[in-house]
Amino acid sequence: MTEASLNEAADAAIKAFDGAQNLDELAALRRDHLGDAAPIPQARRSLGTIPKDQRKDAGRFVNMALGRAEKHFAQVKVVLEEKRNAEVLELERVDVTVPTTREQVGALHPITILNEQIADIFVGMGWEIAEGPEVEAEYFNFDALNFLPDHPARTLQDTFHIAPEGSRQVLRTHTSPVQVRTMLNREVPIYIACPGRVFRTDELDATHTPVFHQIEGLAVDKGLTMAHLRGTLDHLAKELFGPETKTRMRSNYFPFTEPSAEVDVWFPNKKGGAGWIEWGGCGMVNPNVLRAVGVDPEEYTGFAFGMGIERTLQFRNGLSDMRDMVEGDIRFTLPFGIQA
């Protein structure tokens, strides 16, 4: 190619580049004008066929034309990149003065909140939090807790038994097995709180649910008495329900404690009234339970107690239907979640 034809090819490339509207078009035009099949690259490849005395000038003409086209391509590319960046910024621009709809933030479930509040109270007393499996051996759920073989709590009407029949595995009916496991694996003294899910064959209604949460406490040490139990429950009740709260005990029977009692709580409720409400069970650990875990009841005594989290939440907050706690309706959970 002559110098004139090379300049014409470079001018055509420059004119084409100027007409590109975006980077994709520019890339396509570069392939057309500076790709392998374009005039200037072809002229460069043919330099070897030109007589030696003309090759130097021909090479200079080719390089000048190619350099001019490449330089202009680079300039146009910079302009189009700036244009693209400006368009992207405009699309992504946020007007911070425009009012927005506040996003709803998730929060903990009220049962979880209450569980953590109770755990914090016990930790503040120097107690430890202990947990255990939900699928439990009958030995830990019943035998070691002094339940007789024919106790009604063992039946299918009260307990979920795990297949196959005869496996002696159940869904735990209380968190007391955690106490047994702890006493077997730890040296006394022991002060533990045992939160967790438990399972019973109750129908779901306003006051019952087949899956619910318990918090149980166990203390085993030298010289513990019912007075220590009463003081612990008084402190827990005042922390949960307020400084005006009172507790009382009524004699009862449980296989794993002796003597045993029901504990009631009195406190001003959210509706402006006050009254005694049954809260949970408690008592001194039965000597048979201590012997079953290798603790000498002549040297050590212990007390234990337990209450339902759902029931506590229900009467503390004036809730009429326990089903609201398990059905997942955000209208129920949102007011509690604000506290989280």
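In case you wondered, yes, glycine gets a Cβ from its N, Cα and C as well.
Glu258 (Mg(2+) binding site) falls within a strand when secondary structure is assigned with DSSP. Around Glu258 (Mg(2+) binding site), a 10 Å sphere centred on its CB holds 15 further CB atoms from the protein chains shown. The annotation Mg(2+) binding site is assigned in Swiss-Prot to Glu258 on the grounds of sequence analysis.
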